[in-house]
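Accompanying notes for the structure given below.
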């Protein structure tokens, strides 16, 4: 018996989108879903109550960061990540692979695992598939991710081929060393860079093992949106229909829509929280930089079509003032709005799938409010 | 008719403390009370809902800061400070005097007012009693403060004498130029440095004019606590019993208790919010620096005797992690706790006055939990 079970409710008659439910030890997630990112055991500036208020079903936290600080032993002693951070809904933890590989000059990859330096203090550290499992078992997330290699973009064919083969071997080692399969589900990550046949090869190898869910990794790394959608088109159909599908690191409204249309169930991205800290918000009219001088005397809400806490109670003029004055409350308010915006979008996506009209909804989403092309990606 | 009316409910039979109610256009304040400071139209990191949850009756905001940014014209256009910041309970604004005089090298005092440079961009600016009233009338606070000079400490007798005379003349000009006496109350500020006879002189001059409340300014500026209490002892008895009394810039637990015992009704201080940002919290056992390494595996609450949101839901280990990782949510949680701690203290002070046992309560407060002398002031 697996800790997590995907239930397919229906498929959109107008697209490949799926309406589903992901059953986990900490509750049910309605899919397609967007997962706010809580890198260091907190979704930056937000309380758990606020995340529930905006109806976040699941959040993501980063294995690499928690391994470094406070250390997974401390989180285990606290009773696990849920208890440590006071979040009783589902948590997905990534494998740490993406962060470790992003260190570039500071790491060395071997078959055994990856040697790297702690970016906080320079200490030498090592993560292998077994250690990634040990850390995530200590964190106690509902969904763990297999330790993978995310190749750079661009990368040549041979490198990506060898890399995905290693990712497959590592996935097998993860499966073997996973100590709590009845409490925590382990998802594998399909790699293969921007090569369709390598994507198919990776998917084929990983689906031959029995994982309760599959992620598509190594996308949204600098390639064009068209190329990313092409990779989804050749990968998703190879993934089993009775398992959840997760597109990693994607959170712009257009990509959430296009990913859902192609049959993806789960997404995560730091985009909404990161741009919020710079004073940029997502609105039904497109991107809005509320720090700009033109909003100094603008007493309307960020988005007249939004019913979130921020838009209900605060003006652009007030938000601009807070951001200019480096007041944290301003970032709380823009973060709340951006997360609400994406979670609201996903609610509408689920509704549109239920009504077999997701392609129509996508077009309406962009056209109704006259959102410009270059605003779609934020 | 004045905008604000103080109602004396009873005097403690064991001390000079007063239980009262301050009636304002935005509601009733139970006194003695502590006012959280929202310098830039926000109590740092807190939402209005959180301030209400911890039962803050009134907050303070700073005229100088809002004059500079976003500018009082913008706040007026927004419909006033209450609407701008989404706070529908009472607000007190200071006069800007204290901040302007703190600029030391950057300002020049004349009988007309004070010339100074904007600390944000170096622009030349000027505030007079009339301008301080214009700004505060635009902000629309329930309680405005007269523009005063807060002399440095130490300062010689003649300087303080001349200064308090000017503060009296300025108070009269404030009274004359106050445009909204029916909506906003204007409090005068007693000065006189650390000279008992000058304190009496200032109090006598200002109480001869009819202000709806009186503040005691120029204390907690570096002098000993004993000296401060001595100044209260010679000033408070000269203030009219039917008017509110406000001790400016004081917020350590011992001073809140001693001030209440001496008949003060209102206090404000940045202390609880400022030390919270450095990871220091007020507890029933004294000062606690939650950033310290010894709390890394401490899974208990900040204060086992506290029922606040932070202490109910989060451990010292989690808070230490958040603060070490520069996560804003950690500061939200320590700020919440510290403000709750002082507001809870003031609730207990009011209860103790009602029961005629404030001196006993003061001793219990420090003794019961073994709070050390040097922890009392935080």
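Along the chain as shown, residues are numbered 1 onward.
Here the Cβ of each residue, glycine as well, is placed from N, Cα and C on the backbone.
Where the annotation comes from TrEMBL, it is an automatic prediction and has not been curated.
The domain 'tRNA-guanine(15) transglycosylase-like' annotation in TrEMBL covers B:15-369.
Around residue B:218 (substrate binding site), taking its Cβ as the centre, 31 other Cβ atoms fall within 10 Å, counting all chains. Look at TrEMBL and you will find B:94, B:95, B:96, B:97, B:98, B:148, B:191, B:218 tagged as substrate binding site.
What TrEMBL records for B:94 is active site, proton acceptor. Packing around residue B:94 (substrate binding site) is summarised by its Cβ count: 30 other Cβ atoms lie within 10 angstroms of its Cβ, all protein chains included. The DSSP secondary structure for residue B:94 (substrate binding site) is coil.
Residues annotated as region 'RNA binding' in TrEMBL: B:249-255 (among others). Within the chain carrying the region 'RNA binding' (B:249-255), a Cβ under 8 angstroms from the stretch's Cβ atoms is held by residues 34, 98, 217, 219-221, 225, 228, 267-272, 282, 341-342, 345, 365-366, 376-378, all 6 or more beyond its ends.
Mapped onto three states, the DSSP output places residue B:268 (active site, nucleophile) in strand. If you look up TrEMBL, you'll see B:268 marked as active site, nucleophile.
Among the features that TrEMBL reports, region 'RNA binding' is placed at B:273-277 (among others). Here the region 'RNA binding' (B:273-277) returns a mean pLDDT of 97 for the predicted model.
The Cβ of residue B:337 (Zn(2+) binding site) lies under 8 Å from the Cβ of B:276, B:281, B:282, B:302, B:303, B:306, B:308, B:310, B:311, each of these being in the same chain and 6 or more residues away along the sequence. What TrEMBL lists as Zn(2+) binding site is B:306, B:308, B:311, B:337.
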Pairwise CA distance, residue B:97 (substrate binding site) versus residue B:268 (active site, nucleophile), rounded so that it is a whole Å: 16
Cα distance (Å, whole number) from residue B:268 (active site, nucleophile) to residue B:94 (substrate binding site): 10
Other C-beta atoms that fall within 10 angstroms of the C-beta of residue B:148 (substrate binding site): 32
Within reach of chain A, those recorded positions of B:191, B:218, B:268, CB-CB under 8 Å: none
Distant-in-sequence Cβ neighbours of residue B:95 (substrate binding site), under 8 Å, six or more positions away: B:63, B:132, B:136, B:144, B:145, B:146, B:147, B:148, B:174, B:189
Rounded inter-Cα distance in Å - residue B:96 (substrate binding site), residue B:268 (active site, nucleophile): 15
Reduced DSSP assignment, residue B:337 (Zn(2+) binding site): helix
Largest inter-residue Cα distance among B:94, B:95, B:96, B:97, B:98, B:148, B:191, B:218 [record-listed substrate binders, Å]: 15
Inter-residue Cα distance where the pair is residue B:268 (active site, nucleophile) and residue B:191 (substrate binding site), in Å: 17
